[in-house]
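So the structure is just underneath, and the comments pick up after that.
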Protein chains: 2
Amino acid sequence: MSAAVLDHPVNTSANIGRLRDFVTALAALLDRTSDEAEILDKGGALLGDLVAHDDWLPDAFAAPSPERYQQYLLHCDSAERFSVVSFVWGPGQGTPIHDHTVWGLVGVLRGREESQGFRRQSDGTVAPEGPPLSLNPGEVEALNPAHGDIHQVRNALADTPSISIHVYGANIGAVRRSTFAPGGEAKLFISGYANALVPNLWDRSK
Amino acid sequence: MSAAVLDHPVNTSANIGRLRDFVTALAALLDRTSDEAEILDKGGALLGDLVAHDDWLPDAFAAPSPERYQQYLLHCDSAERFSVVSFVWGPGQGTPIHDHTVWGLVGVLRGREESQGFRRQSDGTVAPEGPPLSLNPGEVEALNPAHGDIHQVRNALADTPSISIHVYGANIGAVRRSTFAPGGEAKLFISGYANALVPNLWDRSK
Ligand SMILES: [Fe+3]
Ligand SMILES: [Fe+3]
Ligand SMILES: [Mg+2]
């Protein structure tokens, strides 16, 4: 790989400063509190502001793959206190049933996403809990492991990609967590990331 | 720009985990102390460990440019408490005389670097202070604004690129600082970065 690709004007048409401002504001929030309810409340408001505008995500981090949904890391905190990920859903794509083990926030940037909550039953199986949640651009879902954090997410649109921005209380690509078969069987799951390069948010001269 | 470039195996041959471990260790140090002498001492030891091994920098962030020295951002902290930058010097390339205004650490990874300290005189000009420092791979220079942080750096090798890893107590690409003409005249300087994409350090499955 030559260096030329690093110099590509990937960010110049994108208002990447919005993402930088979100990252610095979330870091300041985490410096002030470790109360998860407060993090989800105030962090959710910050994420709501971010996904209310669709002018900042560089195209490369918005590209669907025909094979599966894409998880592009956008930023990971130095101490892995949090990570920000762009989820890009092609038509018909979705996740297996899965948990997170850390706090999470999901904000829809483009298209529409459907999230179905699940709860572990006493017999070990998982069963849907409540109706599916439909999220439109600008809307945010909070996931709190203390109150159950098992769900299944899919693109609600049959013919267009959808994009949601996820924020987690860890380096989510490295977290040991679980997927669940409909029967309830848990399987170890470490998601990793689709991208070897993340955007440079930090050039304030641009 | 398509997403394919983000998926390039830029990091797979590089032991990028060394850089991740450096970043997390430095973040932990900054959580423990804000004493600059201690940061330079302990951070310098961490940087010494990092640059003692030359198996982790992806090639794209080691590429010289015939036009000028390159400053590739490798990581910036969420709260802009620190940044890590790869400086790539082509043969004969070097900086103007400049200051930093924040603490800095320079560790040579490849080749050899020469650093000449300067001090402001009472008449406003800058004059060299002491002999030039010659840094070989694995060696680290500390810059403390409290004790003077004006220097000029150049590739000490006439026929080969040199690479040094710089760590600063801010998002250095955004800091308003100065270059100095030999006569002493200061000029505002904001360095920015050469790259729109930074390496993904955080995929622990690789
Ligand atoms: Fe999820
Ligand atoms: Fe310098
Ligand atoms: Mg902190």
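For all residues, glycine too, the Cβ spot is worked out from N, Cα and C.
It should be emphasised that the depicted structure is a prediction, and the values quoted were computed from it without experimental measurement.
What TrEMBL says about this one:
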BINDING   B:HIS98, B:HIS100, B:HIS151  Fe cation binding site
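Proximity of B:HIS151 (Fe cation binding site) to non-local residues of its own chain (separation of 6 or more, Cβ distance below 8 Å) is seen for B:ILE97, B:HIS98, B:SER115, B:GLN116, B:GLY117, B:PHE118, B:LEU143, given in sequence order. Proximity of B:HIS100 (Fe cation binding site) to non-local residues of its own chain (separation of 6 or more, Cβ distance below 8 Å) is seen for B:LEU143, B:PRO145, B:ASP149, B:TYR168, B:ILE172, B:VAL175, B:ARG177, given in sequence order. Residues B:THR95, B:ILE97, B:ASP99, B:GLY104, B:LEU143, B:ASP149, B:ILE150, B:GLN152, B:VAL153, B:ARG177 surround the recorded Fe cation site, their Cβ atoms falling within 8 Å of the Cβ centroid of B:HIS98, B:HIS100, B:HIS151, which are themselves excluded.
For B:HIS98 (Fe cation binding site), the Cβ neighbour count at a 10 Å cut-off comes to 19, with all displayed protein chains included. According to its DSSP assignment, B:HIS100 (Fe cation binding site) is coil.
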